[in-house]
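What TrEMBL says about this protein:
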- 33-274: domain 'G-protein coupled receptors family 1 profile' (DOMAIN)
- 22-42: transmembrane segment (TRANSMEM)
- 49-68: transmembrane segment (TRANSMEM)
- 102-128: transmembrane segment (TRANSMEM)
- 140-162: transmembrane segment (TRANSMEM)
- 168-192: transmembrane segment (TRANSMEM)
- 213-235: transmembrane segment (TRANSMEM)
- 255-276: transmembrane segment (TRANSMEM)
Amino acid sequence: ENISDFSLNITDCTQVVVPEEVFFTVAAAGILENLLILIAVVRNKNLHLPMYIFICSLAISDMLGSLYKTLENIFIILCKMGYLTRHGDFEKKLDDAMDSMFILSLLGSIFSLLAIAADRYITIFYALRYHNIMTLRRALLILSIIWTFCAGSSIAIALFSYEAATVIPFTILFPLMMFFILCLYVHMFLLARSHAKKIASLPTSTVHHRTNMKGAITLTIFLGVFLCCWAPFVLHILLARFCPHNPYCACYMSIFHVNGTLIMCNAIINPMIFAFRSPELRSTFKKMFYCPR
């Protein structure tokens, strides 16, 4: 907020403010939608598969992102009303906890997308051995390692956010992981295209192949939505850290609230993609909301 105040003095760009009602509505919708995904997977035993376990991990990350922006907005309102001061010890610890939640949400989303991409890769190219390679127990072990690492990293980055040795690895991690996932998808589609020609004469294999490719396309959509929603906010963090006094950087930082809203929009869009692309989830939602005769 101090950077935002300073930026208004060195740039002619007007700060864009998103109404608080919009913030809370979007955040509540994101939390509820992802909560429905978790409930659907828990209730339907047919969804107790590694792929849906990884999707639940992504849903939890989205919920944390929406919850972070909601709590942050509440604390800002309390500061404006005079119930909280900006420089007290309690407020400093509260700010560190909020930063830790944001980083946990970002890292959780990145590694969940990576786990989903790896799962789709194994499904397509090691279909016959998939159930031996990716068991439910192994998927849970992978997620426990991922979230333990993300939790430790988020606490360390929040506590030492002013150290260059902490900020630089964090800023490098986002584009590096996105590039790695993108390369994995490109490799996946190129190999899948060549395999499709070889198995075109096998009807059952073709159906199975199309099903797996549909899952790969769905996860590619996830990746594109994730980049569109999170990249502007990550860019804001980089500019605030490395060029806060530059007029052009300050002009971009004037849309801070818009970038924060995009994060919460990601939490709304992902469950819609799940429901639209997964017949099993659509069927589960119908059973949840409509009592079958």
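Just so it is clear, glycine is given a Cβ too, placed from its N, Cα and C backbone atoms.
By the Cβ criterion (distance under 8 Å, sequence gap of 6 or more), the transmembrane segment (22-42) is not counted as touching the transmembrane segment (140-162), fewer than 3 such pairs being found. Between the transmembrane segment (102-128) and the transmembrane segment (255-276) there are fewer than 3 Cβ pairs closer than 8 Å, counting only residues 6 or more apart in sequence, so the two stretches are not in contact. Residues 4, 15-18, 22-23, 26-27, 29-31, 33-34, 36-37, 55, 58-59, 62-63, 65-66, 69, 72, 218, 221-222, 225-226, 228-230, 232-233, 236, 282, 285 of the same chain, all 6+ positions outside the transmembrane segment (255-276), place their C-beta atoms under 8 angstroms from a C-beta of that stretch.
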